[in-house]
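See structure below.
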């Protein structure tokens, strides 16, 4: 046994380290070495106890200091690691990459529009509505979000802002155009889409050769007709050409817009038609192409349409002279139609968003707020006419979802979507109106029990349904996709079947303008009856429009097949060999459908566009969580918070 001590001597207290080894521990040889965990623990503890109090205090202080420094370093360095996201597994616990945004081939990149939630549903308390699904687990996790908005048992999650930008916003904050390379990236297309492209080129060939720069083509007489003298067909078709990828045709049309489209003309235009076709077409093309030419033209026509709102009631006149800056009602009445004054809002609101000038949105919002407060409605259903002097509904007691009222209901929903699902008065009016439709206008035909939407005149139900009403299945499906009650989708499925039968039960496979349904079974009679004055077909888009929505939201291929049948019948009975397509007078006579010698601008602006989108499986080709279509099929962006 031996000891080692400090050389200094004789203080009352000595600091020293002592190590003691037993004879057994000093032996090193075969079997003498003990390295067990128990022996090592006893040895370490013995050494610690043999340290002086001062030495142990110093060691503990140093250990505590290192721990504190480590904690401070972790908290200060954690955030930089998270933001920098180094490609190193050591830092993987601090770094989580954000999910990649979906690739969007069309549309401005700066919109930053997040997809609408698909898991949120509305539940109404009406007897005809069904109980909706439970909210999914994701909602339970998002406890920090704002509380839901409710209306009569309906719940919606407010996830987007509707506040328009201030007119004082900085130039850098204004919505900008997309980069060209993001817009012109080609989309893979299939055989049916190729057939649509061929049909468009055939129609465009006739327009270019016989009606270039004029409003509408007369394909049989190889001439044209004028309505406003503003190249309606060309402007209506701009965004269709962009979506179809027809760059050469688009560039030719752009040159005409740049060099020949002049709004300083002494001409009366219809406020509604010029808004949805011209203003809507220019705004849509601006967003898709990023070309400021179209925005400048949109500003010009928008300003020239504003005199229509100079009325005692703020309900706009139907007609505007865009050269003189004057407006007036039709010559035979002081009324405007309800659909026309309530279906210009998407376009004027978007023009305010782009320009920062709130006068456009203020004018159209005042119309909606005024109509919201009016009496004369029937469970949300509105009359067809409104007086521009008194601001009151006229011709009370007549309710329809056809001509003169149809797009009022469509724009209630679409404004709510455009504005980010915050404007509750719009939603309230839409939900009430759909309940009114179910209560007063829905019936079933015989013998196939097709669900259809009729009309109500002073308490008397009429089994008459315009082809225009076939917008409704698509609108209902769009609402269900955006969180409204699930029974809207069930009604949409029933109504689109009816709209298809309006084609399938007719000799040419093309729908007439108006049908009457049989309410009682009669031997030898179909569900659909057609009167001689109603058997014309104008190449309308409403059924194809709803087929597009139904396929986009359900993926059911039958909707594509139905659309393919309609396109083939258009080619068979309305195609003109020298170029263009024509409306026909008699859908019941395959041998002589009696062509009318007119190709409406909406055939290129709407019908063929919806056909092309219907046949596409690319949901990013005009993504319905990012765009809302106006009533002329021109897509406008859904607003999101900046």
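Placed from the backbone N, Cα and C atoms, the Cβ positions cover glycine too.
Computed from a predicted structure; not experimentally measured.
Within the listed segments 49-83, 154-188, 189-223, TrEMBL records region 'Disordered' for the stretch 154-188.
Annotated by TrEMBL as region 'Disordered', the relevant range among 21-46, 99-124 is 99-124.
Here the Cα atom of residue 513 (active site, proton donor) is found 19 Å from that of residue 273 (active site, proton donor). Taking only the Cα positions, the spacing between residue 631 (Ca(2+) binding site) and residue 273 (active site, proton donor) is 10 angstrom.
Of all Cβ atoms in the shown protein chains, 19 besides its own fall within 10 Å of the Cβ of residue 513 (active site, proton donor).
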